[in-house]
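The following features are taken from Swiss-Prot:
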type	residues	note
ACT_SITE	Glu285	active site, proton acceptor
ACT_SITE	Lys349	active site
ACT_SITE	Cys402	active site, nucleophile
DOMAIN	241-490	domain 'CN hydrolase'
TRANSMEM	8-28	transmembrane segment
TRANSMEM	69-89	transmembrane segment
TRANSMEM	99-119	transmembrane segment
TRANSMEM	178-198	transmembrane segment
TRANSMEM	203-223	transmembrane segment
Amino acid sequence: MERLAARIMLLAGWRRALLAIASGAVGALALPPVGFFAALFFSFSMLVWLLDGVSGNPDRSWSRGLRSAFWIGWLFGFGYFVAGLWWLGNALMVEADEFAWALPLAVLGLPAVLAVFYGLACLAARLLWSEGLGRIAALAAMFGITEWLRSFIATGFPWNAIGYGAMPIPLMMQSAAVLGLFGVSALAVFVFAAPALLGTRRGAKLGLALAGILFCGHLGYGAYRLSLPEPDGRKVTVRLVQPNIDQAAKMDDTDRVAIFEKHLRLTAVPTPADQPRPDVIVWPETTIPFILTENPDALRQIAGALQEGQVLITGTVRSEDQGAGIAPRYYNSIYAIDSQGQILAAADKVHLVPFGEYVPWQDILSKLGITNIIDLPGGFSQGASRSLMTLPGGLKLYPLICYEVIFPDEMVKGLSGANAIINVTNDAWFGDTPGPFQHFQQARLRAVETGLPIIRAANNGISALIDGRGRVFSGLRLNAEGVENATFTLSAAPETNVNHNKCNFWAVTALLLSAAVISRLGLISRVN
């Protein structure tokens, strides 16, 4: 191992760059649908040795060493994000004649931007780099911090944070209930990078012992939490409707009536005799292909498809009149509709997809020919705030539309009082690629972090009822058409506290930074 580490440390030029990119790309194997978390042991061991090579070279100036550390981290991140996000280009091919030109921006440009965060993590870790365990702690702390920064800078995009690679199954997801995604990400980097200590032997016994304890604790806590009894409470049965409509068909005006009628047919499918009647039916995001409030006949048809006392929750487009001569505002919304055709509650999407649902700096970019992917004048408007949808029977749903479910910190706002999360989405843009699987895993982690069940309806999948520990009670696979009835228990309160998760993340970060600083100061004193 020492010989291998020495060879990697001595790499330079294109060989070093190629290994950095390849190491990041291999790490993407830990992500869904593969879920091979062990790949990250290789990736982060390689990264540490590459950084050792630019940190231990006495011929390099301080500033040059920092630049080299940044570029190694950037190349590592570029490989990781290209391998993990290449499927984003699939959305642009739905209307290839209009958006194919942007394919390089999605497949290479976005990874190049996201890789800057990993470059900064390595640069910051280089400031605290030392021999032995301290450098592993520094790298782990900086990756945790930059993953957190990635969740909100420039609207945020924490997709495929390193922590997801450490949580492929429910047994390995439960640590998120205590540490949150970013705390798990930091400790995951520590564990995955620990084998690099075998390359120099300094601090190897302690580092590997700590990594082993963390990994066993990760599994042990998972087993403990999964063994806890289910919460007591009222049972609610939901029907998930998955129409599996091709995205091109959804955008074709001539198919709108047929699409709406298909949802009505699936809603009215008889319930098997051995199952309870659904209390709530859920349709996916932007299911209704017209402004529902402007079409009373559609509301009557919905009422006709529902049985007495049932409620439909559906994704739709909401319009808001702005007065004479002013174009209306449009919102990506959720409606709750009762069996009388009355709208009981509504919620607007707050966190919009840039360049998908709106164009930032639209006045400037529109002159360059850059427009929304969605066919809507001016794009969607941002919802004012996110609030609970209160339904009959004590059901209080926290609404998340599409990729709003990927933002852990947004769970803090307005979650109090909720007894379930509703997530409607349309992943048909991404076809049969890793995208829908990655999106689904992130929804499962939000369930674990909040301790609340998630009711998830997706146009082409994956639709599922997820319990508060990330387990899938019932669902429909990707690209399947049909309905699924599932029953869950309304809990009196969430099993976890997302505010505590955030505090615990910063506590972990402080411990890692303290270890890195102590190690760094010890190295300086030895040199002096």
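Every residue gets a Cβ built from N, Cα and C, even glycine.
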Within the same chain, where does the transmembrane segment (203-223) have neighbours whose Cβ lies under 8 angstroms from its own Cβ atoms, ignoring anything closer than 6 residues to its ends? I mean 6 or more beyond.
131-134, 136, 166, 170-175, 178, 187, 190-191, 194-195, 197
Where Cys402 (active site, nucleophile) sits in the secondary structure, as DSSP reduces it to three classes:
helix
For the transmembrane segment (69-89), what are the same-chain contacts with Cβ under 8 Å, counting residues 6+ beyond its ends?
16-17, 20-29, 31, 43, 47, 50-51, 54-55, 103, 106-108, 110-112, 114-123, 125-126, 129, 159-160, 430-431, 433-435, 438
CB neighbours of Cys402 (active site, nucleophile) within 10 A?
25
